[in-house]
């Protein structure tokens with residue numbers, strides 16, 4: 001709901017004059033703004049606490065720049081950002097209308113035809129996101145805006161940046177709308193978004209999540225172990241939604257198949273029922289009144305404008321271009337029991353101290369434009385780790401552009417941790433890595449380059465190819481790329 005600015009709210013963000021308040025969320029505050037040309041925009045300003053978190057800033061920058069590539073009719077496009085400001089901000093197209101959550105909470109479940117068209121809009125929006133090799137990760141009713149001409153997906157990719165403030169591989173997303181694999185904290189790809197799409201359409205049609213209500217842990221447990229409750233779902237929608245909600249990602253339809261099943265030849269423009277259409281009208285009117293009452297824009301600080309343009313040009317024209325063209329499906333290295341095996345040449349468990357300060361660094365912090373280019377990385381990394389007594393390991397896992405099953409992992413671990421239990425000694429060009437050793441698994445699909453550190457060992461893994469020599473060459477190249485940034 002659009003509301004007037006509060007006393008403590010800023011009146012200007014970059015070149016955008018703020019005219020109203022749209023809401024507050026986990027990332028920060030959202031304002032209604034006006035561009036210099038008079039176009040209404042949504043201005044999202046990162047909260048002060050997150051703005052001071054280095055990991056969040058790094059992830060937020062990469063996720064926003066990737067999101068800028070997304071187009072299509074059914075997304076709210078990112079049009080501007082200053083990622084180096086004291087409190088980073090981004091600007092998206094403003095979509096006047098209630099969220100799906102608001103509409104259903106006030107007026108109840110949607111009619112069949114509205115629900116069907118909603119599903120088609122969201123499927124087309126997801127197709128645009130997936131075409132840019134992104135995954136939404138938080139498709140839920142609060143991130144769906146109902147506009148006059150269709151539904152819009154918002155906040156795609158931003159949930160991943162919020163997860164950066166956590167040191168563990170926790171699942172981002174909203175309980176009741178996340179896939180079983182996301183609820184477990186496992187690898188999530190486009191199929192996870194398809195599952196969330198099924199949950200959102202079921203919510204629209206029935207007024208509730210197919211996994212019920214309650215505490216988050218109970219809802220996530222039902223998503224993993226119980227069949228969804230689709231009572232009240234129109235029979236015409238049941239087959240496609242049941243398929244979307246398959247427990248195994250491989251059993252779910254592709255988003256293009258979902259769109260084909262939900263699309264209609266109807267050319268009726270008025271897709272919303274009158275009461276929800278009235279909500280859209282109220283928001284348009286409120287935004288216009290705030291827009292009309294605002295004064296003239298304040299000139300933007302030239303240094304801030306120069307800094308923002310330089311940053312966006314440097315990131316988008318180098319690292320992100322390579323990443324987007326390469327391909328993406330975000331992946332996580334799950335925490336689990338670490339085997340106690342010492343690769344050849346790695347110090348024994350009686351080595352240096354493994355106190356908590358030795359593991360203060362996050363492996364994901366090595367990310368940089370240069371590393372993105374060198375490793376053909378197509379995401380900003382998913383953190384993971386494990387601790388049991390003195391045994392510790394912190395990891396970061398990236399998908400690469402070499403293929404959907406190709407990943408790099410960087411691990412900081414105590415000496416007794418084996419990233420490849422029972423591995424065999426391998427070979428690779430170790431120039432620039434004077435103390436490193438090579439280990440590969442028995443299948444030849446994973447290769448590790450490890451070297452001793454003050455806290456135990458640093459390990460780079462490359463996995464994906466059935467050719468162990470190729471994997472080891474990739475691992476060595478990536479190890480050289482991160483070597484200088486890895487704590488000694």
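Cβ atoms here come from the backbone N, Cα and C positions, even for glycine.
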Write down the single range among 239-260, 261-282, 283-304, 305-326 that appears in TrEMBL as region 'Disordered'.
283-304
What same-chain residues, at least 6 away in sequence, bring their CB to under 8 Å of the CB of residue 44 (ATP binding site)?
27, 28, 29, 30, 31, 89, 90, 91, 92
Kindly state the mean pLDDT of the domain 'Protein kinase' (16-272) in the predicted structure.
86
